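**Q** Below is the structure I would like to discuss, written out as structure tokens.
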Amino acid sequence: MDLLVNKYQPSEIQDIVGNEATMELVSLMIESRDMPHLLFTGPPGTGKTTCAKILARRLLGNKEGLLELNASDERGIDTVRTTIKSFAQRRVKDCEFKIIILDEADSMTTTAQQAMRRVMEIHSSECRFILICNVFTKIFEPIQSRCAILRFDRIEQSVILKRLKEISEGEGIRITAEALDLVVELSDGDMRQSLNILQACINSPGTVDQDYIIKIIGLPSPKRIEKVLQRLLKREVEEALEMFDEIWEEKFDPLDLINSFFRAAKNMESYELLKVIGLANLRISEGVNSRLQFYGMFWDILDMGSKRL
């Protein structure tokens, strides 16, 4: 059985969901049969690599003129000096220009990027680069200046939801509307992640609900998280800490845990809670993820409540 991410991988530019303005620019390149050096940047699961491969295939129609590399595996200067440079110098019959797709280019060493800039300068007439990265600020500035930068934003939730409905119906996956909404929320604009979660639902013996999603993903129960917040807002501190400590001992990832608190606050429609939890989320996402960070957040919630009294 094919994985959903493979089965539903777009084969044409118009099949890629989201980022319509960027897709229009890429379509114009296909129509003109030409392209500059390109830098695709944006979060995971937004179609960068798929778009690059479709663009290369439509322009070349010839695999001999295409080199695909993942820079996280081949990130050093030797790759530039041997693989990339030799490919750029090679002649390919009936090929106006060659294309090098370099995925995860932001993982390349500075020395490797400096060497690659030189290759881009010398061979720009017969070889074009498509660099793909999550964080474009990690790309050497002289390389950025030689590329047209196309930004891929997180895919809108409504777009992901529509696509998941189509796929779940086509695959015969019985899933509640609430569960689909949760899948969309958990994927955070990442189409690939949403398909991976849906993949885990295929063998469900019954209708997939929110509890099933939470179980397979390994997240804390939203009801338990909401109860912790409710206890804090009622200033029942001892009970709230006891409930939280039980959740903490289950060894959830701190980032998953703080995101669960954030979702609970959204459901409770409390702007003040969202603000406090959002600040804690920022600290934890930067790697400061001890239990004390959560205790500090709880203190801020209590302080927030006392100011309202």
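Glycine too: its Cβ is placed from the backbone N, Cα and C atoms.
Just lifted these from Swiss-Prot, have a look:
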| type | residues | note |
| --- | --- | --- |
| BINDING | V5, V17, G42, P43, P44, G45, T46, G47, K48, T49, T50, N134, R192 | ATP binding site |
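A description of the local structural setting of each listed feature is requested, covering burial, neighbours and distances.
**A** All chains included, 22 other C-beta atoms sit within 10 angstroms of the C-beta of G42 (ATP binding site).
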**Q** Which residue, out of the binding-site residues K48, R192, shows the minimum number of other Cβ atoms inside 10 Å of its Cβ in this structure?
**A** R192
**Q** Looking only at T46, T50, the binding-site residues on record, which one has the least crowded Cβ, with the fewest other Cβ atoms within 10 Å?
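**A** Candidates: the binding-site residues T46, T50. Fewest Cβ atoms within 10 Å: T50.
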**Q** With ATP as the bound species and V5, V17, G42, P43, P44, G45, T46, G47, K48, T49, T50, N134, R192 as its recorded binding residues, calculate the greatest Cα-Cα distance and give it in Å as a whole number.
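**A** Comparing all Cα pairs, the maximum is 19 Å.
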**Q** Per DSSP, to which secondary structure element type does R192 (ATP binding site) belong, with helix, strand and coil as the options?
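**A** Reduced to three states, the DSSP call for R192 (ATP binding site) is helix.
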**Q** Please classify the secondary structure at T46 (ATP binding site) using three-state DSSP.
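**A** Going by the DSSP assignment, T46 (ATP binding site) belongs to neither helix nor strand, so it counts as coil.
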